[in-house]
Amino acid sequence: MANPLRILAVDPALRCTGYAVLHHEGGQTRAVTYGVIQNPAKMLASGCLVAIRERLAEIIREHQPTECAVEATIYVQSFRTAITLGSVRGAVLIAAAEHGLAVYDYAPREVKQAAVGKGAAAKEQVAFMMRSILRLRETPPADAADALAVGLAHLQATSGKVATGTTRERV
């Protein structure tokens with residue numbers, strides 16, 4: 001029997017970072033916790049980054065994940081957005097590295113494919129499928145649903161259910 005796997009999954013954003021911790025053991029997957037790290041619109045970007053890192057560190061200490069999966073940034077509308085998302089990603093990587101977690105990247109299309117079966121799914125479809133697949137009592141907020149989907153994409157990639165033709169690289 002394979003060892004249990006506990007994944008911290010993150011959908012990074014400056015104001016609303018989605019997170020989830022999934023536990024996989026004996027072919028069964030359950031959501032341990034999920035939610036959104038919300039930062040006020042008036043908070044400086046630097047304060048948001050600290051808040052994201054600190055909250056993720058709390059989640060890691062509390063739930064003891066063994067790996068971290070992050071949705072990668074593929075397309076952005078402006079350089080400013082790219083820099084901001086890169087900074088948020090840095091906060092996520094630091095929180096994971098401080099706790100010895102390996103970090104794996106997943107493209108948004110890959111995440112949606114794992115969640116819904118097609119790479120161009122709407123956020124509502126992802127949220128509905130996460131509720132169904134993980135047997136959640138309520139539909140999760142969009143950013144949390146995206147994080148849950150990142151976790152499922154990681155499980156599929158590491159279990160060999162998704163044949164990508166390449167070895168998954170750690171960040």
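The count begins at 1 with the first shown residue.
The backbone N, Cα and C atoms fix where each Cβ goes, glycine too.
Automatic prediction, not curation, is the source of TrEMBL annotations.
Note that this is a predicted model, so its numbers are computed, not measured.
Feature annotations, courtesy of TrEMBL:
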| type | residues | note |
| --- | --- | --- |
| ACT_SITE | Asp11 | active site |
| BINDING | Asp11, Asp143 | Mg(2+) 1 binding site |
| ACT_SITE | Glu71 | active site |
| BINDING | Glu71 | Mg(2+) 2 binding site |
| ACT_SITE | Asp143 | active site |
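Shown here: features listed in TrEMBL, placed on the structure.
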{"residue": "Asp11", "record": "active site", "DSSP class": "strand"}
{"residue": "Glu71", "record": "active site", "DSSP class": "strand"}
{"residue": "Asp143", "record": "Mg(2+) 1 binding site", "DSSP class": "helix"}
For Glu71 (active site), the number of other Cβ atoms found within 10 Å of its own Cβ: 25
Asp143 (Mg(2+) 1 binding site) and Glu71 (active site), distance between Cα atoms, whole Å: 11
Nearest-integer angstrom distance between the alpha carbons (Cα) of Asp11 (active site) and Asp143 (Mg(2+) 1 binding site): 7
Chain-internal residues, separated by at least six, CB under 8 A from Asp143 (Mg(2+) 1 binding site): Asp11, Ala13, Cys16, Thr17, Gly18, Val36
